[in-house]
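Here is the structure we will look at.
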Amino acid sequence: MTAIQHFFKTFFLTELLKGLALTGRYTFKRKFTVQFPEEKTPISPRFRGLHALRRYENGEERCIACKLCEAVCPALAITIESETRADNTRRTTRYDIDLTKCIFCGFCEESCPVDSIVETQILEYHGEKRGDLYFTKDMLLAVGDRYEKDIAAAKAADAPYR
C-alpha cells in the first residue's frame with residue numbers, strides 16, 4: 001500500500017465507516033442473546049450436569065466400590081473409600097466429588113460397570129462457599145433419589161447409542 005492510499009484511508013476514516021455499516025446491518029435483525037434466567041434454551045439429551053449416585057429398585061446402593069471412576073478421573077475430583085461387608089461384597093463408606101475440580105468429561109459415568117454414578121441434566125446449582133460444591137455420598141444419593149425417573153428416562157433414550 002502506498003503512502004497516498006494509506007493517507008486517504010485514514011483521512012476519510014474508511015475503516016470506521018465499514019465498522020458502522022456492519023453494525024447498522026445487524027441493528028434491526030433478530031437478536032441472538034438469550035436472557036437466561038427468564039428464557040431457557042433447549043438442553044441436549046447428552047448434556048452432562050450435576051452428578052448423582054443411583055440405587056437399585058430394592059433401595060440398595062448400586063456402587064460396588066470398584067474405584068474405576070476414581071482411577072479414570074483426569075481432574076482427580078473423585079475420592080472413594082470402601083469396606084468389605086460380611087457377605088464379602090464391597091460397598092463405599094465415602095464417595096466424594098469436588099465439583100470445583102470436576103471438568104464434567106463423563107469418564108466416570110462411562111467407566112462405571114453398574115451405572116451407579118451418572119451426570120444428570122441439572123445445570124442450575126450453586127454454592128455460596130467453596131465447600132458447598134464438595135458433594136458427599138449422602139448428597140449424591142439424595143440427588144439420585146430425587147431425579148431417578150429423569151435419570152432412568154435419559155438412560156433409556158441414550159441406550160441405542162451406547
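Glycine is treated like the rest: Cβ placed from N, Cα and C.
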Same-site residue for [4Fe-4S] cluster 1 (record: Swiss-Prot; known: CYS63, CYS66, CYS69; options: CYS105, CYS112): CYS112
Pairwise Cα distance for CYS69 ([4Fe-4S] cluster 1 binding site)/CYS105 ([4Fe-4S] cluster 2 binding site) [Å, integer]: 12
Neighbours of CYS63, CYS66, CYS69, CYS112 excl. site residues, C-beta within 8 Å of centre, [4Fe-4S] cluster 1: ILE64, ALA65, LYS67, LEU68, GLU70, ILE80, CYS108, SER111, PRO113, VAL114, SER116, ILE117
Cα proximity to CYS63 ([4Fe-4S] cluster 1 binding site), best match among binding-site residues CYS73, CYS105, CYS108: CYS108
Of the binding-site residues listed as CYS73, CYS102, CYS105, the one whose CA lies nearest the CA of CYS112 ([4Fe-4S] cluster 1 binding site): CYS73
Between CYS66 ([4Fe-4S] cluster 1 binding site) and CYS105 ([4Fe-4S] cluster 2 binding site): CA-CA distance (Å): 19
Near-site residues: [4Fe-4S] cluster 2, ref CYS73, CYS102, CYS105, CYS108, CB cutoff 8 A to centroid: CYS69, VAL72, PRO74, ALA75, ALA77, ILE78, ILE97, ILE103, PHE104, GLY106, PHE107
